[in-house]
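Feature list (source: TrEMBL):
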- 1-25: signal peptide (SIGNAL)
- Glu116: active site, proton donor (ACT_SITE)
- Asp257: active site (ACT_SITE)
- Glu350: active site, proton donor (ACT_SITE)
- Glu371: active site (ACT_SITE)
- Thr474: Ca(2+) binding site (BINDING)
- 516-555: region 'Disordered' (REGION)
- 517-542: compositional bias 'Basic and acidic residues' (COMPBIAS)
Amino acid sequence: AAMQRFLGPLLCLWALRLPAGTGAAARGLDVASYRERVRAMFYHAYEHYLESAFPYDELRPLTCDGQDTWGSFSLTLIDALDTLLILGNVSEFQRVVNVLQEGVDFDIDVNASVFETNIRVVGGLLSAHLLSRKAGVEVEAGWPCSGPLLRMAEEAARKLLPAFQTPTGMPYGTVNLLHGVNPGETPVTCTAGIGTFIVEFATLSHLTGDPVFEDVARKALKALWKNRSDIGLVGNHIDVITAKWVAQDAGIGAGVDSYFEYLVKGAILLQDRELMSMFLEYNKAIKNYTKFDDWYLWVQMYKGTVSMPVFQSLEAYWPGLQSLIGDVDNAMRTFLNYYTVWKQFGGLPEFYNIPQGYTVDKREGYPLRPELIESAMYLYRATRDPTLLELGRDAVESIEKISKVDCGFATIKDLRDHRLDNRMESFFLAETVKYLYLLFDPDNFIHNDGSDFDVVVTPYGECVLNAGGYIFNTEAHPIDPAALHCCRKRKEEQWEVEDLMREFYSRKKTKKFTLKRPPDYGEEENAKDSKDASSEKAGEKRNSKKNSHSLLSCPSQSFNSKLAVLGQVFLDNT
């Protein structure tokens, strides 16, 4: 029964499930065939990266060589690692884990994007760490609370922490991995570059026991919330020293997008009602001021007047995000608007002028972005609408026809004439191919409905993992939310143990005593046990706001009524 209580709410992301096969057969789409074509796409790109570009960050597919872009991390290899497991390639996953341990060094004199390093490197390493056991990697004692990939993720994240040392708590956009923030670094950072850390950093804090990561991520999120306009909107870029908005365009797209995404995903991951309430307030303002006929425009953040009547390809994540909060009808209507643009060009141009129904000058390209496919994957899990599979089919056909070259897949420089650019971004293997594959693979372990799971013994007791409900970071790296409960003792459990020990030693001669249950088996301590008493107190204060089991609540199972002391097991009838 306790296991059922744990697994049921955990699967909140995939709660809406319809019988397999509905819709697909009605349209005659061969799902298995397209799944294998997506697999072939991945290996065509991945193998040419290994042959022509590794150890550089990215493949240049037109010249069959490589380049460093966001640092010097062999970025495509990190980004593609969990995709390998989703495709079922455990042997290559294991090989790459060893390669990364031996070859990646973060002590380098490189200026790196704080945002990109977090979502691609920290997120990719955390996901791979949590999937290692499933991939057959021989994990060390104490996993998932320890391990080489976790240590690498922590090392990379610590290199980013100096960026958060500002008067507002909002981070600089760039940091030098060896020296910290450069003197003279611009204090202007985009909204997404401030609010896209809670998923990775909270996961790190829960696994390592160091609260600093979650603390800085929360402070940055709340600083943006504090500086929203009177009508409830945030702008595009802000000065992290003065908290003055530099770019005052408000919307759901580039420069803002993943801030909203992480409020929702952070709320689900951490069962945090405050984060969800923040998003829902933003959502009201977005609907009131930016939504027109199921399109979302850009408006002036203080007045709500339209500043740019354009659709950006990065906005196509929004229907998927709407599906996570249960707003499926609105999500589908907006998705269908975006799908019409895809049909018009065979891809989504970076900017699309809605009134004119055409591309915007110098924004005609499509760098093989995943966002519309991502939304299709989420919505298909919720509705099984065959239209969503048709988008996947169209994406496979377009990408293969337009962007496939001898050495991989090239960015489409101009959707009007199909000119190509000499770049294959790492997100093509991390996100685009992954979401396409998951759209066409209904039985993938990522879609687990709780019928299968692993019980892992950690230094803190038994832990349920791989039961489903994965939270994708904004680079499509899946995080198992159950893992956040593996590496710390819940406060009430610690209290129970102490109470039991006191009772045992003070009443040795009695034959029976009873364990006291916590008042609510599902209440979780959001803060980690820490040597710093002030950090623990702050965490308890945060948690006092979260006592309800809403759709956010995925509680852990209650404390097991037995305790081993020096190898001896004591039961409540001892």
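Even glycines carry a Cβ here, placed using N, Cα and C.
Not measured: the values here are computed from a predicted model.
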Spatial separation of Glu350 (active site, proton donor) from Glu371 (active site) - C-alpha basis, Å: 12
Pairwise Cα distance for the residue listed as 'Ca(2+) binding site'/Glu350 (active site, proton donor) [Å, integer]: 18
Rounded to the nearest Å - Cα separation of Glu350 (active site, proton donor) and Asp257 (active site): 14
Residue pair Asp257 (active site), Glu116 (active site, proton donor) - Cα distance, angstrom, rounded: 14
Surrounding CB atoms that lie within 10 Å of the CB of Thr474 (Ca(2+) binding site), all protein chains: 25
Neighbour tally for Glu116 (active site, proton donor), based on other Cβ positions within 10 Å of its Cβ: 20
Glu350 (active site, proton donor), number of other Cβ atoms within 10 Å: 21
